Every structure is written in C-alpha cells, then in structure tokens.
C-alpha cells in the first residue's frame, strides 16, 4: 500500500518535471534566436551565430540597402493605410465609380483596405524581426522572397498613392481634416510611444558608453592597435550621439506640438453650437433601397429634418427619382429589356419606368459594408419597391413637414423638355400644395423664373463667394465638406450663411461639422449619427492644457528615470570591471570563461571582453575560482 501511495504521489512530480523540461526545451534563448532567423532569413537550423561588435557594421552593403527598402516600404504602406482609413466616408462612392467601370458591384474599398492592412502588418513584422536580430547583434540576412515582396510593396503603394493623387486629390483633403480632429490625441499617444521607446534606447546608449570604457582597458594591453581602436571609439560615440540626440529632438518637438495644433473640437462648452440637423441622402439607403418610398419613409421614422434626392424627367414629362444616368444598378431592366439597359434614364416613358422593380438589387448586393440585416417584413417590402414620382415624395414631405432638397438633371438633346425641364418641375411642386419654405431650391438654371413663380422657395447656392451670394440674394449654401473647410468657413459664418454639407457618414466627420457650427448635413448613416449626444474628441482648452502639461511632465520624469536606471546599471558593470582589473582577473583564460558563461560568440583568447560579458554575476563566479590560479 505504501509503495502504491509513493508511486501515485510521484506522478504529479514527474508530470511537473516533464512540463518544466518541455518548457526549457522549446522556450529558451536558442529557440528564440532560431525563430527570429527562421522568419527573417528562412534559416531554421540553429547554429552558433557570429555576433557583430558594437560600432561595426551589422551586415553587408547589400543587406543595408534592402533594410532601407524595408523601411521605405513600411513608411509608404503606413501612409497609404492612413489615407485610406481616413477616407472611409467615401467608400460607397469609390465602389460606385469602380462599378461604372467594371459593371460588377463589390466592396472594392474593403478589398483595398485589407490589402493595405496586410502590407503594413508584413513590413512591421519584418522591421520588428530585424530590430530583434540587431539587438542580439546577429548579422542580417534577409531572404530573397522577402526582398521580392518588399519591392512589390514599394511599387504597389507608390502606384496607389499616385492614382489617389491624380484621380482623387480630394482624398488628401480628408486626411488633412482628420489630422485637425485627431491631432491632440495623436500628440498624447506619441508621447506614450516615446516613453516605451526610451527603455531599449537607454539600454543601447548606456551599453555604448560602457563599451567605450571597456575597450579602453583593452587598449592598455594592445597598444599597437590604438589608432584602429580610436576609429571604433568615434563610431561608438557617433552612434551614441545620433541615437540620443535624435530621440531628444523628437521628444522636444512633441512637447511643443500643441503650440501648432488647431482643432475645432477644442473649445469652451458655451461656444459649442447646436447639433447639425440631418438630411436623408436618397432617403435611408442603409435601411432600404435608395430613392424609393420605403427609403424616405424609413428616414422619416428616424426623425430627419430633410430629404435629399435626385430627379430626372421621363420622355413623357414625368419627374421621377433616380440617381444614375442609366437603370442597370438599381432596377431589373437587364431582366426586362436587356437591349436597352445602357440607355439614358430620361429616354424612357413613365409607363415603362413604372413597371420596373427598384428593390430586388438591394437584397442581392448590399450597397454598404456592415449593414444591419433586414427583417423578413422589410425584405418583402424592399423586394416590391418601384421607381417613385416626385409627386409621391412631395406628398410625404408635406404630410411630415420635411424639407426637400434635390439635384435636377437636365434631359439629353432631343428630349421634349430639353429647355423647359425646370418649369415642369416647378409646376409639379406647386401642384402638390407643399409649403414653399420646405423646398431648398438647388438648381441654378432658370432661377429668375423660379423666383417669380415660387417666391417662397429657399434658394441654395454652391461654394460661391460672399459677394456672389449677396448679389443673388442667397443665404444658404450646399457644399462638399472636403472643399468647405479649406475655403474660408469662418467668412461664411460671419456672413450668417446657412451651411449645409454633404455627404457625411463617419462620426468623426460629423463631430468636426458639429464643432465647426455647421447647420445641417446630408448622410446615409442616419441611425448612427442620431445616437451622438455630443461631438467625439471634444475637449475644453483647459482640459487639454492640463493633459498636455501633465503628460509632458510625467513623461519627462519617467524617461529621465529610465535613462538614469540603465546608466547606473552600466556604471555598476564598470566598477566590476575596475575591481577585476585591479585584482588581476582580466587575462586570457578568464576572458574565455566569461565568454562561455554568457553564451557569447566563439572568440579567440586574445579578444577583449565586452560590457555584456562583464556582468556582476559573472564576476562573482570569477572571484570564487581566480584566487586559486593566482596562488599557483
């Protein structure tokens, strides 16, 4: 019985021992080095790597060149990812443009975003692996496949950035706007990053200083190499100054960064204007097929202030709601009349247009990424939608007292209403008996006639000068948000111009509009923007000042402590060196023992010790063994 108990009690011990052995076997320094070299150089066989000396080149010229290429690839990929993430408000428009060129609806914007994220992750991982290998003082040897992929990343990112600069210059404007609102938080985050970086940097700077002093001891025994070693000292000092001074300059720039920051969302609470009212862009296109009565009714249910749409006139003079110049994307014309699918929207009679289905496409191809799933009732309702007339929208707006704003597209040459389409639309509006104040009249053609026939319409201008707006007696502007913030927003506010911007879907952009005292916005994302009770990233000047000074002082104290701690640690190593030198411990046999105890690279006995080899724990072992040698 006792033997049985002993054997049963020994099982957990054996299990623990086996687990410890397993941990030691697979999670040790050798395995770590093998993993790093395997990922970076595809060399998965462990061997004793020859370590480079501090102050010497870490790799060949060729490897230095490709490491610089890696840094360039990282910068380009991060830049492209930043621009693309910040332009998420424009993803639907990008997908629509690609659809016009390819005829295939797909979330191309998300595909590009995924590719950018993969490139950033890939280059970041390679940079991290290279840094860890340099930290271990192992010579870099990037695998050929990585070199090819790095070149592809540089070419692809350069091409995509060039395309953005040529075809979508306004995307850079969005990136600039994002910096306005995110700059205070980027500043605070970067200071935190600098605190993290200070730890390895302080170790590096202190180790370089210690390395210089260690090599000075070596010069006493190798006087013939003094000239050569002086060059090494210069390189070590240069590395030390370059690393420390660069860090200090960047840190000081970050400390002073708030002096150059302008963010509309840093203002006093009493200066924050009311929340901008929302206009449904073609209704509520995230909840129902765009420009259908279901879409506008959904927008009304969400309590929007206005409804935005697009108007064409059929060949038999009926104004109807449609955005595209053809019917292929939002109707089933390819099934009903494939031969005429590419014809212009205004070339059809209303008798034919009224028979088309305008909702099935919405169920097949979601227009927005991340849309909520529809209920079964909404699916059935959406699948039965048709193209609505303008009169139907006006009846809804009249009943619910909602503002109506629209883009009016003129007919093509040969259309019966080629020159009188504005008058036809005005007649339809007046016949609906809707209050004229609820019409935001945007079209600029035949405006004098409109003023005469409907003096109650609220005329809306574009991004005109204050002088032109005053000349035409216009107090409302409808502008692209990307252009407005760079075109003298303050001047329009001082002139008491009502500002309406389009199309804003992202909360951070809506917060920017709110902090800038914009009156109303057109949006696809009504539900999300309705939930905002205050602007995102809003801060009072006093709170930001407190955070700025507090983080600056705290970071300076922490960074100073980190540098002092690692510096003192290296000073202790130097004292052990002096004690060892004065007691005669530093001869060739002792140096060899130190090297072996620290798993250093295999060196000849004549090679001098480095700061890493002269750790206090090694010197303790030496003190135990060395006196015997001296007595002999």
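All positions are counted from 1 along the displayed chain.
In case you wondered, yes, glycine gets a Cβ from its N, Cα and C as well.
Confidence over the topological domain 'Cytoplasmic' (1-64), given as mean pLDDT on the 0 to 100 scale, stands at 63. Residues annotated as topological domain 'Cytoplasmic' in Swiss-Prot: 1-64 (among others).
Annotation source Swiss-Prot lists transmembrane segment at 65-85 (among others). Remote same-chain partners of the transmembrane segment (65-85), defined as residues 6 or more beyond its termini with a Cβ less than 8 Å from a stretch Cβ, comprise 59, 112-113, 116-117, 119-120, 123-124, 126-127, 130, 140, 142, 147, 150-151, 153-154, 157-158, 160-161, 164, 171-172, 174-175.
Among the features that Swiss-Prot reports, topological domain 'Extracellular' is placed at 86-114 (among others), with the record citing sequence analysis.
If you look up Swiss-Prot, you'll see 115-135 (among others) marked as transmembrane segment.
What Swiss-Prot records for 136-147 (among others) is topological domain 'Cytoplasmic'. The DSSP breakdown of the topological domain 'Cytoplasmic' (136-147), given as helix, strand and coil counts, is 4 helix, 1 strand, 7 coil.
The transmembrane segment feature in Swiss-Prot is assigned to 148-168 (among others). Within the chain, the transmembrane segment (148-168) has long-range Cβ neighbours (under 8 A, six or more residues past its boundaries) at 66, 69-70, 72-73, 76-77, 79-80, 83, 90, 94, 112, 119, 122-123, 126.
Sequence annotations record features per position, and here Swiss-Prot assigns topological domain 'Extracellular' to 169-180 (among others) based on sequence analysis. Helix, strand and coil residue tallies for the topological domain 'Extracellular' (169-180), in that order: 11 helix, 0 strand, 1 coil [DSSP].
Here Swiss-Prot flags 181-201 (among others) as transmembrane segment, drawing on sequence analysis. Listed as Cβ neighbours of the transmembrane segment (181-201) (distance under 8 Å, sequence separation of 6 or more from its ends, same chain) are residues 135, 243-244, 247, 250-251, 254-255, 257-258, 261-266, 508, 511-512, 515, 537, 539, 544, 547-548, 551-552, 555, 558-559, 562-563, 566.
According to Swiss-Prot, the feature topological domain 'Cytoplasmic' maps to 202-240 (among others).
Per Swiss-Prot, the feature transmembrane segment maps to 241-261 (among others); the stated evidence is sequence analysis.
Look at Swiss-Prot and you will find 262-542 (among others) tagged as topological domain 'Extracellular', backed by sequence analysis.
Look at Swiss-Prot and you will find 276-533 tagged as domain 'GP-PDE'.
Cβ neighbour count for residue 308 (divalent metal cation binding site): 26 (other Cβ atoms within 10 Å of its Cβ, all protein chains included). Annotation source Swiss-Prot lists divalent metal cation binding site at 308, 310, 323.
Annotation source Swiss-Prot lists N-linked glycosylation site at 343 (among others). According to its DSSP assignment, residue 343 (N-linked glycosylation site) is coil.
For residue 349 (N-linked glycosylation site), the same-chain residues lying six or more positions away in sequence with a CB closer than 8 A to its CB are 314, 315, 316. According to DSSP, residue 349 (N-linked glycosylation site) is assigned to coil rather than to any helix or strand. Look at Swiss-Prot and you will find 349 (among others) tagged as N-linked glycosylation site, backed by sequence analysis.
The Cβ of residue 384 (N-linked glycosylation site) has 13 neighbouring Cβ atoms from other residues within 10 Å, across all protein chains displayed. The feature N-linked glycosylation site is assigned by Swiss-Prot to 384 (among others), with sequence analysis given as support.
Packing against the topological domain 'Extracellular' (86-114) from elsewhere in the chain are residues 160, 168, 171, 174-175, 178, 328-329, 365, 367-369, 503-506, 509, 524: each is 6 or more residues past its ends and has a CB under 8 Å from a CB in it. In the three-state DSSP reading, residue 308 (divalent metal cation binding site) counts as strand. Long-range Cβ contacts of residue 323 (divalent metal cation binding site) within its own chain (separation 6+, distance under 8 Å): 282, 290, 291, 310, 330. Here the topological domain 'Extracellular' (169-180) has Cβ contacts under 8 Å with residues 82-83, 86-87, 89-90, 186, 262-264, 480-483, 485-486, 508-509, 512 of the same chain, all six or more residues outside its ends. Same-chain neighbours of the transmembrane segment (543-563): 184, 187-188, 191-192, 194-195, 198-199, 202, 205-206, 251, 255, 258, 266, counting only residues six or more beyond its ends whose CB sits under 8 Å from a CB of the stretch. Same-chain residues with CB within 8 A of the center of the 308, 310, 323 CB atoms, the divalent metal cation site residues themselves not counted, are 281, 282, 290, 291, 309, 311, 321, 322, 406, 407. Cβ packing within 10 Å was compared across the glycosylation sites 343, 473, and the lowest neighbour count falls to 473. Calculated from their C-alpha atoms, the gap between residue 384 (N-linked glycosylation site) and residue 473 (N-linked glycosylation site) amounts to 44 Å. Residue 343 (N-linked glycosylation site) sits 39 Å from residue 473 (N-linked glycosylation site), taking the Cα positions as reference.
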